[in-house]
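**Student:** Here it is, the structure in full.
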């Protein structure tokens, strides 16, 4: 049985998910089908990935046409994009995501970034956008209403640091159940983990493979060889043993299945400590570089 973590909302999140970031529209549907067939029961989506319609087609095929997987057995996450932080835009943005995914509800809906862009249309804008001040409180209060309406089961945040989390906790009627951030041995974020553990906020690791940073790493390679596993297996298992959920991504069917092969081994404590000590604050997804917004400095 795949391990899961009970969120503060009372719902369980499976610790191994399938990520759809940077997945090409022509490949993502098949990849999601392969993931569900391989046993994944946690699929991570976002409006800004511009592939939710294709993911939705895979859901319809598996949940309805073939009826090989039950909707209620799959934990599905999506995210509110930066352009839709104003209170009048939050619910319509979710409704577009639900329509694209072919779903009645989401298991988890996240505020994708603690940054708001100026709203110009319902189209997703990623670059050249003007920042606009919208308080996270305004956005969060609308997120809470989505839970009240039964459209989402849990709500959370993404890319929030300790300061941002403290702010939301100070006024939240419904506390954030999760915070999705970049996490891997080169960026293990111990202070963030400590804070989230204390406040029962679950951490999901995106880019758990470090966006290729570990491909030729001999030390992690040696650990992988010891357990007769791949480097991605070791990186994901490291995260799971720290109670993070992970959302590795791949469009290669064999690799999709391989990345799920995590439940027949345990990393020994000495190796876990060795991986912990590799931390060098290497952030591969930094808005200071692509938006000029130093969120993490």
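Glycine too: its Cβ is placed from the backbone N, Cα and C atoms.
In case it helps, Swiss-Prot gives these features for our protein:
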- 49: active site, proton donor (ACT_SITE)
- 10-19, 207-259: NADP(+) binding site (BINDING)
- 112: substrate binding site (BINDING)
**Student:** About how far apart, in whole Å, are the alpha carbons (Cα) of residue 229 (NADP(+) binding site) and residue 49 (active site, proton donor)?
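**Tutor:** Distance (Cα to Cα, whole Å): 30 Å.
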**Student:** Rounded to an integer, what is the Cα-Cα distance in Å between residue 253 (NADP(+) binding site) and residue 49 (active site, proton donor)?
**Tutor:** 20
**Student:** Which has the fewest other CB atoms in a 10 Å radius around its CB: 112, 237, the listed binding-site residues?
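**Tutor:** Comparing Cβ neighbour counts within 10 Å for the binding-site residues 112, 237 gives 112.
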**Student:** What's the CA to CA span in angstrom from residue 10 (NADP(+) binding site) over to residue 112 (substrate binding site)?
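**Tutor:** So the Cα of residue 112 (substrate binding site) lies 22 Å away from that of residue 10 (NADP(+) binding site).
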**Student:** For residue 221 (NADP(+) binding site) and residue 49 (active site, proton donor), determine the Cα separation and express it in whole Å.
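**Tutor:** Computed Cα spacing between residue 221 (NADP(+) binding site) and residue 49 (active site, proton donor) is 31 Å.
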**Student:** Near residue 18 (NADP(+) binding site), which residues of its own chain have a C-beta under 8 A away, given they sit six or more steps off in sequence?
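**Tutor:** Non-local contacts for residue 18 (NADP(+) binding site): 31, 32, 35, 40, 42, 43, 44, 247, 248, 249, 256.
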